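Chemist: Relevant sequence annotations retrieved from TrEMBL are reproduced here:
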type     : residues : note
DOMAIN   : 22-280   : domain 'NADH:quinone oxidoreductase/Mrp antiporter transmembrane'
TRANSMEM : 7-32     : transmembrane segment
TRANSMEM : 58-79    : transmembrane segment
TRANSMEM : 145-163  : transmembrane segment
TRANSMEM : 170-188  : transmembrane segment
TRANSMEM : 194-217  : transmembrane segment
TRANSMEM : 229-246  : transmembrane segment
TRANSMEM : 266-289  : transmembrane segment
TRANSMEM : 310-332  : transmembrane segment
Amino acid sequence: MNSNKMFFFFILIFSTLISISSNSWIGCWIGLEINLLSFIPLISNSNNLLASEASLKYFLTQSIASINFLFSILLKLILMKNFEINNLFSLLINSSMMMKMGSAPFHFWFPNIIEGMSWLNCFILMTWQKITPMILLSYYLNKNFLILIMMLNTIIGAIGGINQTSLRKLLSFSSINNLGWMMASILISESLWLLYFFMYSFLISIMCFTFYTMNIYFINQLFIFNMNLMLKFFIFINFLSLGGLPPFLGFFPKWIIINFMMMNKFYFMTFIFIMMSLITLFYYIRIIYSCMLFNYLKLKWFKIFLKNNYFMSIMCISLISIMGMILSTFYFI
């Protein structure tokens, strides 16, 4: 990473800290704008037309969300005491933050932009760029609106990923699905959201790091590469953990959220969440099944060479995914 990219990366981190530590809405808006202007140079690449297109699309969508956010702040300042306006203000704030995150129904830009990015930028957009909007969303929740959006996120995230061949698009729809779970966790408590966010970020970081080291961008590359069987096994463990299959790490925060939703009598919402998780697991297992069959046929069209230190690091961090069962046991003792 060159010095310019490093500079913008640090500004990206500090802009998030500005937004979440600000005590005024205008301060939050300034932090978001600095964040936008620091992320665009990280995305754009003069040698890659897709990256340049992604940076332009990202700028346009985030600008619209920022204008919406600024308009709602000004509306709040002008018409402070009217209760109906307060309700409208919460809807405007929520919708602008959802557009910033790429949440349904404002998600259409999200998979297209991720398709034109490197794995590092994909990781930043799917994790770090969600922190500020989620925290600002928690300041001014519109509960009924948020419940509807949560269910919409899980449904679109699950159904949208079914026919995807691009791994980046697949992870982007997985991110939309997980956003529904994150919103459910922030509705319960911020500490639960932090737990879910850290575990989700950890799993996404493993996936992005693995695909980056192997230079893999499409599902068919998983079929045709002569990959080490052990490495393939660990990739699949992470896929299942991301889907929330019980023995793995990704299931642990989902279990806690389901418990809280059942205690608060959100039965229909719990049903939707579980059914959509089954759909995401279906397409993850379909990928795994296909890859294992192709591996059995010994197709050796491409050979993949990984340095031992990369291979060992992928194996070690993947083993943590199996610890979910131990965590779950301790939590419910």
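Numbering starts at 1 and runs along the chain as it is shown here.
Including glycine, each Cβ sits where the backbone N, Cα and C put it.
Nobody curates TrEMBL annotations by hand; they come from automatic prediction.
Map these features onto the structure and tell me what's around them.
Modeler: Remote same-chain residues near the transmembrane segment (7-32) are listed as 1, 38-39, 41-42, 66, 69-70, 73, 76, 100, 124, 128, 131-132, 135-136 (criterion: CB distance under 8 Å, separation of at least six residues from the stretch ends).
Within the chain carrying the transmembrane segment (266-289), a Cβ under 8 angstroms from the stretch's Cβ atoms is held by residues 147, 150-151, 154-155, 157-159, 161-162, 164, 170, 174, 177, 180-181, 184, 219, 222, 236, 239-240, 242-245, 254, 257-258, all 6 or more beyond its ends.
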Chemist: Where else in the chain does the transmembrane segment (170-188) make close Cβ contacts, counting only residues six or more beyond its ends and a cut-off under 8 Å?
Modeler: 101-104, 107, 110-111, 114-115, 122, 126, 130, 134, 137-138, 141, 143, 146-147, 149-154, 156-158, 160-161, 164, 195-197, 200, 204, 207-208, 219, 242-243, 253-254, 257, 260-261, 269, 273, 276-277, 280, 283
Chemist: Under 8 Å between C-beta atoms and at least six residues away from its ends: which parts of the chain pack against the transmembrane segment (58-79)?
Modeler: 25-26, 29, 32-33, 36, 39-40, 43, 85-86, 88-89, 92-93, 95-97, 99-100, 106, 109, 113
